[in-house]
Amino acid sequence: MTILGTTFGVFFSLLQVVSGESGYAQNGDLEDAELDDYSFSCYSQLEVNGSQHSLTCAFEDPDVNTTNLEFEICGALVEVRCLNFRKLQEIYLIETKKFLLIGNSNICVKAGEKSLTCKNVNVATIVKPEAPFDLSVIYREGANDFLVTFNTSHLQKKYVKVLMHDVAYRHEKDENNWMHVNLSSTKLTLLQRKLQPKATYEIKVRSIPGDYFKGFWSEWSPSYYFRTPEINNHSGETNPTLLTISILSVLSVVLLVILACVLWKKRIKPIIWPSLPDHKKTLEHLCKKPSKNLIVSFNPESFLDCQIHRVDDIQARDEVEGFLQDTVPPQLEESETQRPGGDVQSPSWPSENVVTTPETFGRDSPLRCLAGNVSAHDAPILSSSRSLDCRESATNGPHVNQDLLLSLGTTNSTLPPSFPPQSRILTLNPVAQGQPILTFLGSNKEEAYVTMSSFCQKR
């Protein structure tokens, strides 16, 4: 009997286990059933329908049986404690204005009255923006680029205004080679030189919240396809202007190098690197004693730019010429005086023929001089052909004036009244023999010259 009772007990226990695994669990024994993986994810969208916000949740495992499961949110709500989601096929959705957007909320998966799993989330940090729209690409021929523009509904919204956009484009043949550009505006410029010519490209864009709100990337916008134009410039052709400039530049550089090599030692090196003086000569000049008798002038005139020299000759000549111009008559009178009572001239009278020079005192030419004595009684007057050229000096100027006055005085005492005292001008200049020369100066060029022969014949 004992063995039979034990056998029935084991069989009954196995029957309960088999019935539980096959799904025929009794009511109230649900907690003993095997639990499935109920992990889920949620995202929020703010101001999707006017001022209402939406919260969407879904199971990560698509094979989960969602027949008797519900979602419930509690906390961070306005005026209510909890809210239930409504089921739309495989997702659970709630739209309300009662999200506080500050603080955390508790989202739970419930099977009847029992909570299977829960998550603590903040609605403001799980925001998923709406997908951009109106994506277009315009080719600008003048700028050789493509202007990409798109639009988003968040530009007119109150909360999620700051977004970061991800623009992705690829060649049509490269399926997995996407190129991404991140920007905060809704315009993008693609340069033509970075794209392949005569090719088709696909482009799309998505957004993610920035600034205060955090969250996930939005869905991709609908793709847009555009084609790049063919490049008109052929690679084989070369611009002639650019070629000419390049050749001239190369020739100029070569010419400069040749000139630098040729003129390096003679012209360039002395200017860039001047030769240093010999140290021996420098030390010799430093150690050499200066001369004792230095020629130093303390005259203030030596420090002037223009040196002033004293000239007595010009001053004396001006004085004599001024004196003679005052005393010379317009024309010389020709007169002959003879000794009264005899044919032979008296030594005390002057010669019959008076010799004068044709030059006037206004010029700088030399005066004609006649050799003779101051007294006329024993010295004949020479002809003009043998007269000597006499120069007036500044040193004998005053002496000449004195002799002239003396000679005039002596002559006046011996000459008759017919000889005018101022009809002739006598100039005395010493000659080599130390005798004075008597010269009658006249201003008339037509006056006759008395030669030596006529003078002798008359005697």
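The backbone N, Cα and C atoms fix where each Cβ goes, glycine too.
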From ASN151, ASN182, ASN373, name the one Swiss-Prot lists as N-linked glycosylation site.
-> ASN182
Which range of 128-136, 191-199, 272-280 is motif 'Box 1 motif', per Swiss-Prot | 272-280
Of 32-36, 217-221, 267-271, the range Swiss-Prot tags as motif 'WSXWS motif' is 217-221
Pick from ASN49, ASN412: which does Swiss-Prot describe as N-linked glycosylation site?
-> ASN49
Considering only the recorded positions ASN49, CYS57, ASN65, CYS118, ASN182, which residue has the minimal Cα-Cα separation from CYS82 (disulfide bond)?
-> CYS118
Restricting the comparison to the disulfide-bonded residues CYS42, CYS74, CYS108, CYS118, which residue's C-alpha is spatially nearest the C-alpha of ASN49 (N-linked glycosylation site)?
-> CYS42
Restricting the comparison to the recorded positions CYS57, ASN65, CYS108, CYS118, which residue's C-alpha is spatially nearest the C-alpha of ASN182 (N-linked glycosylation site)?
-> CYS57
